[in-house]
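Visitor: Here's a structure for you.
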Amino acid sequence: MGEDRRSLRVDYDDNFLRNNICSLKVSFIKQQGGAEGVKRLYADLGLALVALIWGSTFPVVKIALDSMSPFAFNTVRFFIACLFFLPFLKGWDFKDGFKIGIASFLGYTFQTVGLDYTTATNAGFITSTYVVLAPIISWLVYKDVFDKRDVSGVLLAFVGFYFLSGYSGFNIGDILMLFCALFFGAEIAMISHYSRLSNPTMLAFWQSFAIFILSAPFAVFTTTKFEINTTVILCLLITAFFATFVAKMLQNWLQSYTKSSDAAVILSLEGVFAHLFSVAVLAEILTPVQYFGAFLILLAVIIVSLRV
């Protein structure tokens, strides 16, 4: 009899626990606006992970450049990334992806070379201005809808750039990063245009292939250092697998579940994560004026993304 009571008690506790968990799940789903809201929440969290991965690569690439020249690094990085994409290819239509890859190649070239001349923190924040520049480029090239507030975002971003650079004259690294942001803005505008017609994974592969094939000739003639060691191999794997293959696959998949404005704001956290990783790994510190500049850049990105 005692055993029966204990058994009933256990069954009651189990049912009570299951019912409470179910109630919590239902309550959570309602709070998030239904099943679609939950999907959007998970998508936003996933995109935050993408921003974290991208932000972490700035100090990683800067470390790798101590042992390998910029074009050589990009050649090897994107060759490895292409290998990861191969199992997911569906056809060989390269036209649109290769076009985007040309803009990507120029963006990564300016970014990687620029990291030799500026801090990883500056590189991260200045690169994030591609969110501000993309709508302007879309309007100029594809005649997309233009919002006048995009202009205020650009102006605010340039003021932030001025303060982030120390307002005593721009260094070559920061200027190269600005060109990097310009071409990444073009890349985003082109992806928005062509992804309506093409498979996102195919676009990502051909982007990577274009960067690899265009970087290789420059690597042959400009490489002054090419040291393969454990640190460089680790940096290559982090940037090729996590920052290129995993991040691109996640981005292409998750952006279909959330609003583009939300995605842009979340991905702009790349600059914040770049700073946090740079402080932790490279012990980089900004002055109060530079922090103000970084804040203005982040604010500009939010204004353009949310149209506030």
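Glycine too: its Cβ is placed from the backbone N, Cα and C atoms.
As the structure is a computational prediction, the values presented were derived from the model and not from experiment.
Okay, these came from Swiss-Prot:
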| type | residues | note |
| --- | --- | --- |
| TRANSMEM | 45-65 | transmembrane segment |
| DOMAIN | 52-166 | domain 'EamA 1' |
| TRANSMEM | 69-89 | transmembrane segment |
| TRANSMEM | 100-120 | transmembrane segment |
| TRANSMEM | 122-142 | transmembrane segment |
| TRANSMEM | 151-171 | transmembrane segment |
| TRANSMEM | 172-192 | transmembrane segment |
| DOMAIN | 178-306 | domain 'EamA 2' |
| TRANSMEM | 201-221 | transmembrane segment |
| TRANSMEM | 226-246 | transmembrane segment |
| TRANSMEM | 263-283 | transmembrane segment |
| TRANSMEM | 285-305 | transmembrane segment |
Visitor: May I ask you to check whether the transmembrane segment (151-171) and the transmembrane segment (285-305) make contact, with contact taken as at least three Cβ pairs under 8 Å and only pairs 6 or more apart in sequence counted?
Guide: yes
Visitor: Is the transmembrane segment (226-246) in contact with the transmembrane segment (172-192), using at least 3 Cβ pairs under 8 Å (sequence separation of 6 or more) as the test?
Guide: no
Visitor: Other than its close neighbours in sequence, what residues sit by the transmembrane segment (226-246), given a CB gap under 8 Å and a spacing of at least six beyond its ends?
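Guide: Contacts with the transmembrane segment (226-246): 53-54, 56-57, 60-61, 63-64, 67-69, 72-73, 76-78, 80-81, 84-85, 208.
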Visitor: Which stretch from 122-142, 201-221, 263-283, 285-305 shares the most C-beta pairs under 8 Å with the transmembrane segment (69-89)?
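Guide: Between the stretches 122-142, 201-221, 263-283, 285-305, 201-221 has the largest tally.
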Visitor: Can you name the far-off residues of the same chain, 6+ from the ends of the transmembrane segment (285-305), with a Cβ under 8 Å from a Cβ of it?
Guide: 121-122, 125-126, 128-129, 131-132, 135, 149-150, 152-154, 156-157, 159-167, 261, 264-265, 268, 271-272, 275, 279
Visitor: Same-chain Cβ contacts of the transmembrane segment (122-142) under 8 Å, 6 or more residues past its ends?
Guide: 55, 58, 62, 107, 111, 114-115, 150-151, 153-154, 157, 160-161, 164-165, 173-174, 177-178, 180-182, 184-189, 192-193, 264, 267-268, 270-275, 278, 290, 293-294, 297-298, 300-301, 304-305
Visitor: As a test: from 100-120, 201-221, 263-283, pick the stretch that has the greatest number of Cβ pairs under 8 Å with the transmembrane segment (45-65).
Guide: 263-283
Visitor: Roughly where does the domain 'EamA 2' (178-306) sit in mean pLDDT, to the nearest integer?
Guide: 88
Visitor: By a Cβ-Cβ criterion of under 8 Å, what residues six or more beyond either terminus of the transmembrane segment (100-120) are in contact with it?
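Guide: That would be 58-59, 61-62, 65, 70-71, 73-74, 127, 130, 171-177, 179-184, 186-187, 190-191, 194, 203, 206-211, 214-215, 218, 274, 277-278, 282, 284.
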